[in-house]
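Straight from Swiss-Prot, the features:
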DISULFID  26-115  disulfide bond
BINDING   27, 29, 31, 48  Ca(2+) binding site
DISULFID  28-44  disulfide bond
DISULFID  43-95  disulfide bond
ACT_SITE  47  active site
DISULFID  49-122  disulfide bond
DISULFID  50-88  disulfide bond
DISULFID  57-81  disulfide bond
DISULFID  75-86  disulfide bond
ACT_SITE  89  active site
């Protein structure tokens, strides 16, 4: 669920998804094309790929069980879709934390028109 993903991002990075990640680069936020601009954008690209493997699941709105404790995100037991969506979100939030040192404010509201060329394959 998007609100749960936002909480994971905030837990890992101490930044709100909006405005820091919702429109970042070519892949953070809705859709994406071209090459990821940097490590942060690549986290979003990989997250999009992860969701892409879950076509039968309601990735944006399915609510899943998880906890934020002792510095870790733990996905709980749920339906197959819930568990997979949670793992996609957990891995992406941790990736965004690892990419904080190279976060570029210039990519924060990056125009889609500048995302050109073929998309990478997942």
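Placement of Cβ uses the backbone N, Cα and C atoms for every residue, glycine included.
Listed in sequence order, the residues 26, 28, 30, 32, 44, 45 complete the 8 Å Cβ shell around the Ca(2+) site centroid, once 27, 29, 31, 48 themselves are left out. Between the disulfide-bonded residues 75, 81, the minimum number of other C-beta atoms within 10 Å of a residue's C-beta occurs at 81.
When the binding-site residues 27, 29, 31 are screened for a C-alpha within 10 angstroms of the C-alpha of residue 122 (disulfide bond), no residue qualifies. For the recorded positions 26, 28, 47, 49, 57, a Cα to Cα distance of within 10 angstroms from residue 88 (disulfide bond) holds for 47, 49. Distance between Cα atoms for residue 89 (active site) and residue 29 (Ca(2+) binding site): 13 Å, as a whole number. When secondary structure is read from DSSP and collapsed to three states, residue 44 (disulfide bond) falls in the helix class. Fewest Cβ neighbours within 10 Å among the binding-site residues 29, 31: this applies to 31. Take the Cα of residue 50 (disulfide bond) and measure to each of the recorded positions 26, 31, 86, 95: the nearest one is 86.
There are 19 other Cβ atoms within 10 Å of the Cβ belonging to residue 57 (disulfide bond). In this structure, 49 is the one among the disulfide-bonded residues 49, 86 with the smallest number of other Cβ atoms inside 10 Å of its Cβ.
For residue 47 (active site) paired with residue 95 (disulfide bond), the C-alpha to C-alpha distance reads 10 Å. Ranking the disulfide-bonded residues 28, 44, 122 by how many other Cβ atoms lie within 10 angstroms of each Cβ puts 122 at the bottom.
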